[in-house]
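Encoded as structure tokens, the structure appears first; notes follow it.
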Amino acid sequence: MEPKKAIVSETEAPKTEAPKVVKKKHADVPVNIYRPKTPYEGTVIENYSLLKEGAIGRVNHITFDLKDSDPFLNYVEGQSIGIMPAGEDANGKPHKLRLYSIASTRHGDDFNGNTVSLCVRQLQYEKDGETINGVCSTYLCDIKPGDKVKITGPVGKEMLLPEEEDANIVMLATGTGIAPMRAYLRRMFEPTEKEKNKWNFKGKAWLFMGAPKSANLLYEEDLQRYLSDYPDNFKYTKAISREQQNTKGGRMYIQDRVLESANELFNMIEDEKTHIYLCGLKGMEPGIDEAMTKAAEEKGLNWSELRPQLKKAGRWHVETY
Ligand code: FAD
Ligand code: A2P
């Protein structure tokens, strides 16, 4: 039987070149098709490690089949889904859902429009000499192809891409914060995806990526391919915290890279076609704010005034956790 396709339609880019100053409403973006009381049970298609030999921790790419969902669980780039881990909490109640940024485009990794993919780091920390594993992230990293998983959503309108083909997209990601960025970059540069979406991206995409070690860099081969295929449209700046040092001799973080590129970055930000996306560790927000303040100063700009303006214009997008 033909799957029920309900991919959110691709819209033509506006013909006018005028920048949009007023924040757009995203009325046609799907939300909460599935809620916690009646989640969709999706089947795991694949679940594999994204890390190389010598990496720290565990980060997996996981894909679910959505084709039997009715109503169809469609989504757009930049949204998240909820996952309800199997089992019960300490009080005998079903586990609460956890949100995960969608790492695939609406057309899915196989371009058939009926899958969704996630990029999940297993939460692990030490407490009283014991290793504690996060409930949902461990569940997700351990699931096998064929397993059924309760999915809710999609949710989120904060991280949506603009429609304009000549927009510039600055991305600041740490760790799994790459997930929505992977979807954006596939939409911009992945050949079969481009054929499907008819979105002829003509702007500049600049990814600042923070990872602890080179072996922890996520989707690196794809990003290198985009760099060689689209050298004029894609820039990729890495901050490998445990292999590189900042000017003070400390760990290299993306905010240090932001400072190094202050002039070029703020030339872009002054252009009304530029959007900035921040995703990953909540802890990076003060550091990014400080770097943006210093970088803005170098251009004679005031970040504490500029940031609310960018936010109001729908050009400053933050999803940290
Ligand atoms: P839990 O079992 O829920 O444990 C988490 C709890 O452990 C914390 O609330 C805290 O109380 C405690 N804890 C955590 N660290 C420590 C510590 N060091 N010391 C002491 N206590 C600690 N995650 C991804 O991997 N990929 C994504 O793409 C992603 N996207 C997200 C998008 C959004 C919008 C949001 C809100 C979150 C996202 N997350 C993502 C995080 C994800 O939702 C979960 O929070 C994460 O996987 C941990 O869930 P868990 O069930 O494994 O941990
Ligand atoms: P580190 O852990 O070396 O201090 P991952 O999720 O794979 O661990 O990657 C997160 C990356 O973000 C790591 O390189 C981590 O560095 C880095 N990081 C940690 N804290 C901050 C912070 N406050 N600001 C920016 N980057 C951070």
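Heads up, the Cβ atoms here are built off N, Cα and C, so glycines get one too.
What TrEMBL records for this protein:
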type    : residues                                                       : note
BINDING : Ser101, Arg121, Thr176, Ser241, Arg242, Gly280, Leu281, Glu319 : NADP(+) binding site
DOMAIN  : 37-161                                                         : domain 'FAD-binding FR-type'
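On the structure: features taken from TrEMBL.
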residue : record               : Cβ within 10 Å
Ser101  : NADP(+) binding site : 25
Arg121  : NADP(+) binding site : 21
Thr176  : NADP(+) binding site : 24
Ser241  : NADP(+) binding site : 19
Arg242  : NADP(+) binding site : 13
Gly280  : NADP(+) binding site : 25
Leu281  : NADP(+) binding site : 17
Glu319  : NADP(+) binding site : 19
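Checked against ligand 2, the binding-site residues Ser101, Ser241, Glu319 give Ser241 in sequence order as having a Cβ less than 6 Å away from one of its atoms.
For ligand 1, the nearby binding-site residues are Arg121, Thr176; that is, of Arg121, Thr176, Arg242, Leu281, these have a C-beta under 6 Å from one of its atoms. DSSP gives Gly280 (NADP(+) binding site) a strand state.
When every Cα pair among Ser101, Arg121, Thr176, Ser241, Arg242, Gly280, Leu281, Glu319 is compared, the largest distance found for this NADP(+) site is 25 Å.
Across the domain 'FAD-binding FR-type' (37-161), mean pLDDT in this model comes to 97.
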